[in-house]
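Structure, as structure tokens:
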Amino acid sequence: MEAINLTILVIGVLFLISIVATLISSRIGAPILLVFLIIGMLAGEQGLGGITFNNPQVAFLIGSIALVIILFDGGMRTHPERFRVALAPAAMLATLGVVVTCTVTGLAAAWILGLHWLQGLLLGAILSSTDAAAVFSIFQSRGIRIKDRVASTLEIESGSNDPMAVMLTITLVGVLAEYTALDWSVLIVFLKQAIIGGAVGYGAGRLFVFLCRKLPLSFAFFPLMAVACCISVYAVTTQFEGSGFLAVYLMGYFVGNARLPQVLYILRVHDGLAWLSQIVMFLMLGLLVVPSQLLDHLLPALAIAGVLIFIARPLAVLLSLIPFHFPAKDQLFISWVGLRGAVPIILALFPWLAGVPDEHLYFNVAFVIVIVSLVFQGWSISPVARWLKLEVPKESGPDQTMPLDAIASNEVIEVVSFTLKGDSPMLDKQWQDFTVPHSAEFLGVIRDGEWLLSRDNPVFKLKDSVLVLCKMADVPDISTVLASAASSRTMTASDFFGDFVLNAQITLDELDAFYSITLPEHESHVTLADYITERFHRRVVVGDQVKLDALVLTVRQLDDHGNVKLVGIKPSDS
């Protein structure tokens, strides 16, 4: 009994330390996942805690479940617009990119470590997948907004490249364990995994949405049902030789983008579950490693990390994105943010579980490379994004959102609150002074703890909390009118887009009438929208910039079909 109590105490203390450590991580800018990993190592058998954990079966089980929850949460937060912009390039990175990374890294590893070329390719396959947990958490914890073309490509790639990496790893493990052959059947296996995973993910997502609409459950049970369903979907898909990770990611996508009142509740709970999964997974992997064994292959692992980061990944990105005409800056950033996290370490358990010779070599080398990736790539995401000018201002939003879950409405209804700061456009004005969607209802103001009713037409003052009842779909439009600029932003909208906003349907000669610019030949009657769209090969996102003589045109807003709607204009720096 004492041993059980001690185990519970240790688990609780490790969780508490990990949660508190996130504050330190945000202060020094360190990747949170790296902090969790280090805490696990410090608690391990050669660390301060002295905890011995060397069970790869348990590690694989816990890691797989944690990844399922993380991928489901990431899928729920993927907007349909991101698929429009990035599905095809992300799919190329998740297939051709993985193969190129595996080949280049594997051959380099074989030469550096003196391994057989098949063993080198196995190590390359283990390292070929970018990690969804790392990518999702880095973007969330950094609080930066990257151009959708780049962020969407990275997120969709990290959520969908596991099938190819898993397939290559399992195939090469089988070859080295002498129970399978390396031939063209590998391609058939991959296609089978992708097709089954995609079909099951689509069906499971639609079925879950149907059940949410039909089952009269308390809202508290829907997040639990989502966990049960995504774990079951992973297991069933894997049992039928499909990609369970891809199925779970797609299921999350269809659930997260369904118009259900339960979705907001599920998202809120799963945000905590995803963080819990990341803490558990990285603590466990930190406990599993033996730090002294990492030193045995430290220098070769660092050399392989250099090949992976500076040669294999950029080459994979360059070859994969040739058909899509990505700007050079976008490709450079995508190359740099090929983050490795828990997935390579978990894939490195496959040789260990299968009894492949030198099984600890794969695990230890993968572990070192993951640490290198998190330290150098994860730590530098923000400055690299700013250096390449890929960061865009965050979208305005309410300070608090309160969904009215229990109301049986066809559309999700929310009460949103905007706290007035010094730069708020609402100061010293009244509600009727603003143009907002007609469905929005002003509920009043909370001032010094007192509720001032809407019928009294209060004049808005500093630190007031303005309450608005509206449809969830109208929140972005309302926020554009009412929200203050966040004090934590690294840039303001006017700094990035310019002080003037133009309708994208005006023509270049109409623009010339105001600014007296030199126009390109034969394009004077072209609209701003067409001029910008043509230069980005019809894949435009908010933040795309085009220089026109002495002006910089920046895409500020797209319509529902992805067409340029509003353009910011400012003078060029040069």
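Just so you know, glycine gets a Cβ as well, placed from its N, Cα and C.
Feature annotations, reproduced from Swiss-Prot:
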TRANSMEM  4-24  transmembrane segment
TRANSMEM  28-48  transmembrane segment
TRANSMEM  56-76  transmembrane segment
TRANSMEM  85-105  transmembrane segment
TRANSMEM  170-190  transmembrane segment
TRANSMEM  191-211  transmembrane segment
TRANSMEM  216-236  transmembrane segment
TRANSMEM  244-264  transmembrane segment
TRANSMEM  272-292  transmembrane segment
TRANSMEM  302-322  transmembrane segment
TRANSMEM  332-352  transmembrane segment
TRANSMEM  361-381  transmembrane segment
DOMAIN    402-484  domain 'RCK C-terminal'
Contact set, same chain, for the transmembrane segment (244-264): CB under 8 Å, 6 or more residues outside the stretch | 67-68, 71-80, 83, 132, 159-160, 162-163, 166, 193-194, 196-198, 200-202, 204-206, 208-209, 212-213, 219, 222, 226, 229-230, 233-235, 237-238, 401, 403-405, 407, 409-412, 414, 472
By Cβ distance under 8 Å, which residues at least 6 away from the ends of the transmembrane segment (272-292) in the same chain are close to it?
-> 14-15, 18-19, 32-33, 36-47, 51, 53-54, 56, 59, 62-63, 65-67, 69-70, 73-74, 133, 136-137, 223, 227, 342, 345-346, 363-364, 367
So, do the transmembrane segment (216-236) and the transmembrane segment (56-76) meet, by the test of 3 or more Cβ pairs under 8 Å (sequence gap 6 or more)?
-> yes
Which residues of the same chain, at least 6 past either end of the transmembrane segment (85-105), have a Cβ under 8 Å from a Cβ in it?
-> 121, 123-125, 127-129, 148-149, 152-154, 156-157, 160-161, 163-165, 168, 190, 304, 307-308, 311-313, 315-317, 319-321, 323-324, 326, 334, 338, 539, 541, 562
Tell me the residue counts in helix, strand and coil for the domain 'RCK C-terminal' (402-484), as DSSP assigns them.
-> 17 helix, 27 strand, 39 coil
At least three Cβ pairs under 8 Å linking the transmembrane segment (28-48) and the transmembrane segment (361-381), pairs spaced 6 or more in sequence?
-> yes
Hey, which bits of the same chain come close to the transmembrane segment (302-322), Cβ under 8 Å, at least six residues off its ends?
-> 89, 92-93, 96-98, 100-101, 104-105, 108-109, 112-113, 123-124, 127, 331-332, 334-336, 338, 340, 365, 368-369, 372-373, 376-377
